[in-house]
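Everything below concerns the one structure shown next.
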Amino acid sequence: MEIKNIKEFEKASKKLQKDTLKIALALLFLIGAALLALIFGQANSKGLLLIFAAVIGGYMAMNIGANDVSNNVGPAVGSKAISMGGAILIAAICEMLGAIIAGGEVVSTIKGRIVSPEFINDAHIFINVMLASLLSGALWLHVATLIGAPVSTSHSVVGGIMGAGMAAAGMVAVNWHFLSGIVASWVISPLMGALIAMFFLMLIKKTIAYKEDKKSAALKVVPYLVALMSLTFSWYLIVKVLKRLYALNFEIQLACGCILALLIFILFKRFVLKKAPQLENSHESINELFNVPLIFAAALLSFAHGANDVANAIGPLAAISQTLEDANSPIGNTLSSVPLWIMVVGAAGIALGLSLYGPKLIKTVGSEITELDKMQAFCIALSAVITVLLASQLGLPVSSTHIVVGAVFGVGFLRERLREQSRRRFARIRDNIVAAHFGEDLEEIEGFLERFDKANLKEKSLMLESLKKSKNTAIALELKKKEKKSLKKVYKEEVIKRSILKKIVTAWLVTVPVSALLGALLFVALGFIEKYF
């Protein structure tokens with residue numbers, strides 16, 4: 001008993017030390033953000049306010065890394081295409097590169113889209129709205145990460161600005177038409193992600209997994225799937241990211257994507273042909289072909305995420321910085337280049353937040369919603385980029401977080417559907433077997449079928465293996481070869497996994513309202529502090 005208590009104490013002590021180290025590193029980063037604002041900020045007499053804003057922006061960036069980046073690498077980690085440590089390293093590097101290389105476009109503050117500019121034309125009020133929105137979004141992301149719910153960082157910031165804007169100028173100031181698009185994205189994003197992921201999963205099952213000669217089918221089909229992913233990724237990066245560096249028209253975008261896709265097809269075709277002698281005609285062996293594409297997908301998604309979502313942390317901070325620097329500039333609608341020091345705060349904060357607190361949400365997306373193999377993870381990654389690309393071309397409001405999580409749920413629901421079909425198929429097989437056997441061994445056959453129906457996946461495998469080896473048992477002699485094959489097919493298609501749908505959907509629905517409430521309260525609190533302190 002004493003030894004057990006000592007071990008538990010040592011375990012708790014190690015966890016405390018680990019948590020303390022994480023907090024210390026986070027505090028050091030926030031101090032670094034404050035120093036950057038002090039050294040490079042040009043806020044004149046309002047230097048302390050800019051330092052405070054930089055600390056809040058850094059805190060927001062860390063929460064984005066801890067919560068939102070899980071969508072990019074979760075499926076790859078859950079399918080074991082890459083280790084947790086490897087995923088964090090790749091994602092952290094690519095997030096920083098994306099933020100610094102392609103995230104510094106001319107920034108137009110979100111404020112102009114959520115609250116009408118004419119209602120907030122005072123620089124002092126505008127700065128308080130931005131501070132309240134940043135802090136409210138960061139606090140909600142922190143809570144969502146603690147409870148294990150991946151939520152949209154964009155919606156968190158939108159809610160914060162909406163709440164602070166209403167507290168500053170009333171409900172009339174809110175752009176309700178823009179917010180209706182946010183509400184629509186709650187349905188559009190996960191639904192599109194789920195449907196596209198389900199389509200590609202069924203395509204892979206029909207063209208590879210359900211074939212007798214899986215190996216030959218995979219050697220033919222997989223290079224085309226990887227080429228399609230290359231086309232969509234290259235097009236996505238051009239449309240969503242690289243246009244910030246150099247604008248290209250639609251025809252050139254498509255041509256560049258097709259050229260890259262053709263090149264990747266040729267290279268990957270050679271890769272699979274070289275790997276062919278090592279492959280077996282099994283699902284597990286074919287899965288290995290998706291390893292490399294998944295790693296590249298995680299890296300590219302992280303790069304794109306760093307370029308896009310870093311604005312949620314640095315957009316309000318950049319707006320505050322510019323307002324403090326030039327009091328005569330038009331409030332909230334001025335376009336300004338983001339200072340490099342602000343880009344560094346955003347990029348480093350996302351990378352640090354991912355490294356310290358990202359594994360929890362990575363596990364949630366990668367394995368807790370549903371078990372994923374590499375084929376399924378590939379479908380999720382492909383669905384994510386296709387959905388974002390389609391939505392951007394159609395002008396639909398979507399959230400990358402909702403898309404990826406929706407795709408994971410879609411894969412899980414499809415597997416549940418296949419499981420139900422397997423059960424119905426098993427019921428028909430069972431009835432046919434029982435009807436075909438009228439001997440003294442009927443009771444034993446019925447008992448075997450009942451045990452098979454109730455067994456889990458591993459137990460079914462053992463029962464089929466035992467049935468195969470036991471040539472002299474009554475059941476083995478009575479069951480025909482076709483009947484045994486039917487049972488084996490039912491076993492292979494059945495998958496059991498619980499989901500956490502309710503918690504995540506609830507978190508999605510309350511993100512904007514909770515962030516708005518926090519934003520309003522924090523705006524009022526900032527005004528109170530300024531007035532009395």
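Just so it is clear, glycine is given a Cβ too, placed from its N, Cα and C backbone atoms.
If you look up Swiss-Prot, you'll see 23-43 (among others) marked as transmembrane segment, on the strength of sequence analysis.
Among the features that Swiss-Prot reports, transmembrane segment is placed at 47-67 (among others).
The transmembrane segment annotation in Swiss-Prot covers 81-101 (among others).
Residues 52-53, 56-57, 59-60, 63-64, 66-68, 109, 111, 115, 120, 156-157, 159-161, 163-165, 167-168, 312-313, 316-317, 319-320, 357, 360-361, 364, 368, 500, 503-504, 506-507, 511, 514-516, 518-523, 526 of the same chain, all 6+ positions outside the transmembrane segment (129-149), place their C-beta atoms under 8 angstroms from a C-beta of that stretch. Taken from Swiss-Prot, the feature transmembrane segment applies to 129-149 (among others).
Taken from Swiss-Prot, the feature transmembrane segment covers 156-176 (among others). Cβ atoms under 8 Å from those of the transmembrane segment (156-176) belong to residues 110-111, 113-116, 119-120, 125, 128-130, 132-138, 140-141, 182, 312, 315-316, 511-524 of the same chain, restricted to positions at least 6 beyond its ends.
Here Swiss-Prot flags 182-202 (among others) as transmembrane segment, drawing on sequence analysis. With a cut-off of 8 Å between Cβ atoms, the residues of this chain six or more beyond the transmembrane segment (182-202) that come close are 155, 158, 225, 375-376, 378-380, 382-384, 386-387, 390-391, 396-411, 413-414, 508-509, 512.
Positions annotated as transmembrane segment by Swiss-Prot: 221-241 (among others).
What Swiss-Prot records for 248-268 (among others) is transmembrane segment.
Sequence annotations record features per position, and here Swiss-Prot assigns transmembrane segment to 286-306 (among others).
Residues or ranges marked as transmembrane segment in Swiss-Prot: 338-358 (among others). With a cut-off of 8 Å between Cβ atoms, the residues of this chain six or more beyond the transmembrane segment (338-358) that come close are 22, 25-26, 29, 32-33, 36-37, 39-41, 54, 57-66, 69-70, 88, 91-93, 95-96, 99-100, 103-105, 107, 145, 306, 309-310, 313-314, 317-318, 321.
Sequence annotations record features per position, and here Swiss-Prot assigns transmembrane segment to 372-392 (among others). Using a Cβ-Cβ cut-off under 8 Å and counting only residues 6 or more beyond its ends in the same chain, the transmembrane segment (372-392) has close neighbours at 71, 75-76, 78-81, 188-189, 192-194, 196-198, 200-201, 204, 208-209, 225, 228-229, 232-233, 235-236, 239-240, 283, 286-288, 290-291, 293-294, 297-298, 300-301, 366, 398, 400, 403-404, 407-408, 410-411.
Sequence annotations record features per position, and here Swiss-Prot assigns transmembrane segment to 509-529 (among others) based on sequence analysis.
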Contact check, the transmembrane segment (81-101) vs the transmembrane segment (509-529), 3+ Cβ pairs under 8 Å, seq sep 6+: no
Contacting positions for the transmembrane segment (286-306) when only residues 6+ beyond its ends and CB under 8 Å are counted: 68-69, 71-73, 75-76, 79, 81-82, 87, 90-91, 94-99, 102-103, 208-209, 214-215, 218, 222, 226, 229, 233, 236-237, 240-241, 268, 271-272, 275, 279, 347, 350, 373-375, 377-378, 381-382, 384-385, 400
